[in-house]
Every structure is written in C-alpha cells, then in structure tokens.
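**Q** Pasting a structure here, questions to come.
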Amino acid sequence: MVKEGKAMEIKEAFDLSQKAHQNHAKLVSSLRAAYNKTEDKSIFLEEFIHFLKFPLIVYRREPAVERVMDFVAKFVTSFHNSGGENEEEADEENSPVNCLFNFLLQSHGASSMAVRFRVCQLINKLLVNLPENAQIDDDLFDKIHDAMLIRLKDRVPNVRIQAVLALARLQDPSDPDCPVSNAYVHLLENDSNPEVRRAVLTCIAPSAKSLPKIVGRTMDVKEPVRKLAYQVLSEKVHIRALTIAQRVKLLQQGLNDRSAAVKDVIQKKLIQAWLQYSEGDVLDLLHRLDVENSPEVSLSALNALFSVSPVGELVQNCKNLDERKLIPVETLTPENVLYWRALCEHLKSKGDEGEAALENILPEPAVYARYLSSYLQTLPVLSEDQRADMTKIEDLMTKEFIGQQLILTIGCLDTSEEGGRKRLLAVLQEILVMQNTPTSLISSLAELLLFVLKDDDKRIQTVAEIISELREPIVTVDNPKDAAQSRKLQLKLADVKVQLIEAKQALEDSLTNEDYSRASELKEKVKELESLKTQLIKEAEEPEMKEIRVEKNDPETLLKCLIMCNELLKHLSLSKGLGGTLNEICESLILPGITNVHPSVRNMAVLCIGCCALQNKDFARQHLPLLLQILQLDEVKVKNSALNAVFDMLLLFGMDILKSKPTNPDDSQCKAQENADEDISEQEKPGSVDENLTNEEVQEETATVNGILHLFSGFLDSEIAEIRTETAEGLVKLMFSGRLISAKLLSRLILLWYNPVTEEDTKLRHCLGVFFPIFAYSCRSNQECFAEAFLPTLQTLFNAPASSPLADVDVANVAELLVDLTRPSGLNPQNKQSQDYQAAMVHDGLAIKICNEILKDPTAPDVRIYAKALCSLELSRENSTDLLPLLDCAVEDVTDKVCERAIEKVRSQLRSGREEHRVSKETEPQVSKETEDRTNLQENEEGKQKDEANCDENTDTVKEKAARGKATKGRRKGPAAAATRRKASKAEEAEAEMERQEESQCVPVNTRPSRRAKTAALEKTKKNLSKLLNEEAN
C-alpha cells in the first residue's frame, strides 16, 4: 500500500496500478511527489518509459494491462490538470506529456501489432484525459494527426479502432475538407470490419457531409452497426437536420427491421427523441413526417408510441374531441384524424380494457355515420378549369385523405347493435351512390360495407343495387307535348276567355240595373273563370317533366362500379360460384370494360375477370385466351394484372384449364407437368394421355401448354422490371405448389437470379433467394429437378458471348449453389424416411452426368468447374458401380493436372469407401460365428442357474449392439467426397467387381454395421465373458 509522506518508486507504482482495488489518484499523487523530488527529470522519464514498454507488448485485453494504461494516462495528463508552474512545464519539450507522446509516435509503426494497438490506445487515453481547454504544440498535434491517419489503414482491425478513437478530438466538422472527417467517412462506407464501423459511428461528428453516411449505416448488414447508427441519430442529430424523406425512410426501415434490438432502439430512443424535439406534441411530430404521403409509416410510429404508454393516459391525451366524441369538421386535419384512427385501432386491439376505453373516444355507429356523411357531402367536384390549379388539387387531396381515415375508423365501431348497424349500412350505401364521392374512397367504402354484411347473397344483392343506382340514376327530363293536345288546350283557353268577357259584361249590366243578387252570382263566376284561365296559361307555358333512368358510361362511373365489383368478388368464398346476378354484371359491365379506352378502367376490368375466373372453372377456360391477348398488347399496369390473373387460375385449377375439353383433373395435372418439361416431340406419347383423346387433340393441347410456357419464358427476358418480377414470382408459385415441374424454367430462374441486369430488382432477387432452398430441400424430386438443370445452366453460362451480361457471372459460384441445393444431407428430415429417399441419391446421378460431360471434351477449360463440383458431391459408396469406370476414363483423358488431381481424389475416396463396405460384409458372418461359439462354451462351463442367466444377458447384449449397428448402416454424417483417394488400375477394378458379384450371391442384402462398430461390440463381449469365466473358476 502507499505510505503517506514517502515517495514511491516507479516500478512499485506500476505494480500497484495493476490491482483492481487500487486508488489511482493516490498513486498519481505519490508518483508526482517522486517526480518533483527528482533533480534530473529526464532520468525519471526514461525509467518511466522503460517500465511502460512491458505492458505495451501485451495484445490481449488483460484487465491488469488495461488498468496500467489508465494509470499512465492519468499520471501524464495530471501535469496538464494542475496550475501554475506545472502548466509552464507542460509546455516545455521535455515535459512528461510531450516526452510520452514523442515516444509513442516513434513506436506507432512497430512490426508488432500488440505495440501498435497499445500505442494507439494510449494516445487515445491521453487525449481523452486532457482537459477541454488543453493546448498542444502545433508540431505535436500534426504528428499525432498524421500518425493516427496512417494507423487508420492498419491491417489489424483493433489497431484501426483505437486510431479512430484517438482521432475523435482532432476532427473539425465545420471544415468540409477535414482529413479526419474524410477518413471517418471512408471507413464508414468501406471498412470490412463491423467493429471499426461502430467505432467510427461513436466518434464521428454529424455534419452536412457525414450525416448521409450515418443515415446509410442504418442499412448495414450487421445488427450492432444498425443499432448504433439509430442511437447516434437519436442522441446527436436534431429532427430538423433530416429531410422528410430521410425521416420516413429511417422509421420505415427501423420498424420493419428483422432485429428486435433495432426495433427497440427505434421505439424507445429515436421516436422518443423526435417527440422531445417536437416539445411533446404528437401532432407536430406527425406533421414533420408528412402523413398524407406516408400514412403507414406514421401509423407504425404512433403504434410504437402507444405501446409504451398506459391506456388511461392515452385516452386523457386525446383532447381534440368535442362533447359528441367527434372532431369538429372545421378542425379536421390529416394529423389529428390519423392520430384518432390509430388510437382507436390500438385500443381495439387491447381486448376488454381497450374496448371500455374506446367508448370514451368513439360515438355510436348511427352518430358517426351521420358525421361521416355530412363531411363527405362537402367534398367539392372540380371543374376542368379548377383541375389546372394545383392549389385546388392539393386541397381536394387533403380532404380525400381525411375522408379516407374517417372511413377506415368505421372498423373500430361496435356494430353488434342492430339499429346502429342498419343505419350505418344505409349511410354507406348513400355515400357510394353520391356523385361527388371520390373514386379513391370507393374501395375502402365497399370493403367496410362488405365487412358489415356477412351473408354472401346479401352482399351480392346490395352491391348490385348500388351499381345499378350509380350507373343508371333517375333523371328528370322535359316531356315534349303533342301538337293536337296543345291545340286543344289553346281552344279551351280561348273559350274560357270568351266566357270571362261575357260574365264581366253581365256583371256590369246587373250592377247598372241594381240587380245585386245576380251581380253576386256573376262575381263568383268571374273568379272561377279567372282561376281556370291562370291554370290553363300555366299548363300551356310549363313543359311536362318526366323521370327516367339514364345509363352513364363515363370513365369515372365505370371505374367506381368496377371497383365495387372487384371488392365484392374478393370477399366472396370460392365455393360460391357465379350466379345470375354476377353473370349479368359480367356481361354488362366487366367485359365491355376490357375495350374501354381508359387504362384504369381496363385494368380494373381485368382484375374483375381474374376474380370471376376463380369462381368458375369454365369461365376461366373461356376467358383465358382474352387474358393472354391482353398480356401481349396492353400497357404495363394492365399486363401485370392480367399476368397475376393467369397465374391465379393456373394455381387454382392447374394446367387443366389449358385444355379445350374438361378431363380428369388428376390426369390433366400429370400431363401438364410432363408437357412443361419436354418439347412437343417428346410429349406425343400415346401412353401419357387419355385414351379417348385423338392425336390432333393431344398435339393441340401440348402446343397450347408449350406456347404459354414460351410466353412466360419470354417475359423473364422483358426489359420491364415489373413484368419480369411478376412472371418469376408466378412461376415460383406454380413450381412450389406442384402445378408445374420444369428443369428448363428452373434453369432460367437461376440465370435470372445471377443476371447482373436484375441487381437493382430487390423484390425479384429476394423472392428467388427464398424460393430456391425451400423448394430444393422440401422433397427429393425437387432436388432431382435442380440436378437436371445443372448442366444446362452451366452450359448457358459457358457459351454466353462477351457482350451478354451473363458473361460476368461467376460460374463456379453457380455450380457451388446447385451442388449445395442437391445435397441429400440438406433434405427435410421428415422426407428422409420416405421410400424415394432410400433410393439412389441425387448426387450419384449428377456425378455420372458430370463425368460424361468431362469425357465429351477433356481438354476444355470448363472441366475445372466440373471437377471442382465433382469433389463437392456427397456420393454413396453402395452405388459406385457405374461411376468408377467413368472416373477411370476421366483420369486418363484429362490433361489438366488440377482437374486430374481432383478427379483422382474422388475416385480414391470412392474406392476406399467401397472396400470398407466390402470388408464389413465379409467380417459380419465371422463375428456372428465367433460370438455363437463363445456363447456355447460359456453355457457348457457354467453350472449354476444364475451364471446361465448372466450369460444369456450378455449374449442378448451382443445381439442388440449388432442390431443397432445395422440400423445405423447407410446414414451419412456429412460430405465425404472431398477425402483423399488413391489411384487404382482397371485390373483391380475388375477384381473388385467380381468380388462384389460373389458377395451378392452368398451374403444377404440386409444392411450391416461398420467394421469398427462390430469390432468394438466383439471386444466388449470378450471382456464380459472373461469376467464371467474367471468368477466361475473361483
């Protein structure tokens, strides 16, 4: 321990600093006292550096060494931390700080990676322990700067990490040309070690130049790097420094990350930090995310916020609602309506507790229905002039977004009460029929209407009525009057006028004659005639109005009707079928929509035809040619829809719908699978089709199948990425479902996956990358399909011209993939017990194909790829009869030494394994005979019943071990094709063949244990029997 008032020696200080519970402050103080008492400071520093060299050569992160490094850094920097004379001394060239830095800078280029690592580590610790206001000589600063920049390029990752940490205080983020910042950016993008990238993320200062690189690390392949990148963004970067696109991208990627740790950082750090930057206002945060263009990302962010808050607190924070539990229409914004919807959906997912809380923020269905209807009625219908004004369009889009969110909130309402449900249905139907309802809202409205209606017949009837009302509304029109009727009315009016004149004249005469009773009667008559005259004049002037239904064929109306029809068909069960109503809709609405000039109408009509085809097989067969024609002629969007419709039909009904006449589904599926993999000439086999079909029908059907597959194959080469991706995805689904088995198409898909043209098509590559291993390892027949595609795929790559993108593909990598996909050891364990797995393995047949390909041209450069693939195969020693002669010929014919050695290794390993198998078969009868003799000897010598029982038990033990050995026969523990093989002559092969034939006659075909297992069992038996015999002798 340190004794007060007494200076310490340097060695003792280094020794004590290694201990875990030592107080480094006291050690520093004592060593400082010894330094101050030393007259010649240079001798002290030399001795100090001498003892420092010992921990510098230790590379492992030993705790004792780490403590020594900390102590050295604290001691040296203590000369900077003190004031007065020591500060002046610290500025001198021979000060401890400068002296140590100079020594470290001289040693940073040492050949020992331990020294380089510790030097960079100590420089880092020195710079970290220096105070904020510390000053370093410019020359020393430049030396440290240059040395650490050199160490950033060190071949050892740990050295680069320490150099990164050491340069953290030397960077200048305000300088766009700062060498440290540029080096950090370079390492962040290009360093292969994830720990180095993490170190850079820890140290780099965010700036206009480095921020995009930090954001880019959120897509790093390593989870710890992605996690740290999000942490840095949440702690060091203000939300305003990020663009809206960057914010949305960060949330979208982070909340959908495969790692739970990354999601946790997004939820608990990044979003919470952004919320603090928005002063706790969730609506302000949503405004910064642009909810109109990214509603799904905003919903995910809201759900992340809701998940860390109790239900009661969420309900209290919902302050935008009035006494009706509604947001006033005049205060509706995209942010508050989305927040309201997200909160309702979150509470509904919380079970009973959430349902109770939901009643506090949502009204009754009838009240909400009136509220929704009143808002949607305010949506304007823009005229042609207004459509040219972007402000008007943006305002309309905002209102449509609000309406969309209000519609989706209906799913959270409690529709169990009959009255509220009926009122809601009535309002939804009224909204769907309204002329000012935007097309963008029709799909959501129809989906919710069908969600409330549970019966399929009621759904069909309701949608049909809405379509009829929307397409044929009641219109009041002028009814032109008949000429004769109009003339009759004029005559009647003239007669009334004459009567009126006569009555007025008689009234005047009566008043003159003072006949007041007569005058009273005439006065009443004049009033009646005046009224009749007025009525006749009105009838003559006003046109007759009539209410009639007028069919509307404008694109907007047709699109609304088709959208509702499509939603209806999607919600119907496949067993429902097409009834009279749907057939009528199809004839009057869907099929005419195919020829419409507007692409959106045609696209929706194609989607409807695809849904109708899934309801009826005959309908699918009838309209398949129409869809195939659309595939080749229409626009990209319509093509995609038609393509998906065709694939859906093939998935549901199989290739049977390609036939002109219905046949047995099982037969049609089998024939379709055969046709998909063979040429027309190979398909014309009498035994592969139904006997009732004529040769002409067979040829027509096979031509149809091959024509469609040729069409799909052509789409795989399409320049349009969407068509290429949809085709590949559809073919993958057909193959995985067993509807289509084709090695040729499988080869095309493999080439498409490797083609550099598809490098940017993430969806396509992800789809194929998931499909290949799942399809290959699901069953043995699929592996056979890959084996059949092996040679065609490689030959296509070998023969690719230099101008083709396939010329840049690594053929060795393709061969390695195909070998790996056909490994028997990778097969699903559930299928390994099946009967077809017990047959000859896929690699045995593939090896024969490869050998034949090598023998075709042994001098070709492609032989190296084949030989390497041959070495990677898992070959069975039991089925090597056909393969060994081919290997012998290949060894003799191949001229390339590398290929010859590779083939020789395969042959040698195969022969040694076969010899082992033969010896084990010969040994088995001998072992059985020896075991039987020993058992008889034991029974003869034993005299007691107990010993006989023990002997029987040991005999049973031997049999059980032998049985277990037989059960394990044939199981392979891993690839054995790469073991060393020795060369053998053809005479030896012939002799081995004769021995094999003799064994097959006298030895049963039953599987046998290996020789080693049998010998071990025999040795155990010998020991047990000897023990028993000794006990008997005693």
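Cβ coordinates are placed from backbone N, Cα and C, and glycine is handled just like the others.
Fair warning: this is a prediction, and the values are worked out from it, not measured in the lab.
Straight from Swiss-Prot, here's the annotation block:
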COMPBIAS  663-672  compositional bias 'Polar residues'
COMPBIAS  909-949  compositional bias 'Basic and acidic residues'
COMPBIAS  964-984  compositional bias 'Basic residues'
COMPBIAS  985-999  compositional bias 'Basic and acidic residues'
REGION    663-693  region 'Disordered'
REGION    909-1034  region 'Disordered'
REPEAT    95-132  repeat 'HEAT 1'
REPEAT    139-176  repeat 'HEAT 2'
REPEAT    178-213  repeat 'HEAT 3'
REPEAT    242-279  repeat 'HEAT 4'
REPEAT    281-317  repeat 'HEAT 5'
REPEAT    439-476  repeat 'HEAT 6'
REPEAT    618-655  repeat 'HEAT 7'
REPEAT    703-740  repeat 'HEAT 8'
REPEAT    785-823  repeat 'HEAT 9'
REPEAT    878-915  repeat 'HEAT 10'
**Q** Below 8 angstroms Cβ to Cβ, which residues of this chain, lying six or more residues outside the repeat 'HEAT 3' (178-213), approach it?
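**A** Sequence-distant neighbours of the repeat 'HEAT 3' (178-213): 145, 149, 152, 157-158, 160-161, 164-165, 167-168, 170-172, 220, 222, 224-225, 228-229, 232, 236-237, 241-242.
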**Q** Sort out the residues at least 6 away from either end of the repeat 'HEAT 6' (439-476), same chain, that have Cβ-Cβ distances under 8 Å to it, and list them.
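**A** For the repeat 'HEAT 6' (439-476), the list is 376, 400, 403-404, 407-408, 410-411, 415, 421, 424-425, 428-429, 431-433, 545-552, 556-561, 563-565, 567-568, 571-573, 576, 579, 581-582, 585, 589.
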**Q** Take the repeat 'HEAT 4' (242-279) and find every residue of the same chain, 6 or more past its ends, with a Cβ under 8 Å from one of its Cβ atoms.
**A** 211, 215, 218-219, 223, 226-227, 230-231, 233-235, 285, 288-290, 294, 297, 300-301, 304-305, 307-308
**Q** Determine which recorded stretch among 95-132, 618-655, 785-823 has the most C-beta pairs below 8 angstroms with the repeat 'HEAT 8' (703-740).
**A** 618-655
**Q** Do any residues of this chain, six or more beyond the ends of the repeat 'HEAT 9' (785-823), have a C-beta under 8 angstroms from a C-beta of it, and if so which?
**A** 741-744, 746-747, 750-751, 754-757, 772-773, 776-777, 842-843, 845-846, 849-850, 853, 862, 865-866, 868-869, 872-874, 975
**Q** When the repeat 'HEAT 5' (281-317) is classified with DSSP, how many of its residues are helical, how many are strand and how many are coil?
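**A** Helix/strand/coil tally for the repeat 'HEAT 5' (281-317): 27 helix, 0 strand, 10 coil.
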**Q** In the predicted model, what is the mean pLDDT computed over the repeat 'HEAT 10' (878-915)?
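**A** Averaged over the repeat 'HEAT 10' (878-915), per-residue pLDDT gives 80.
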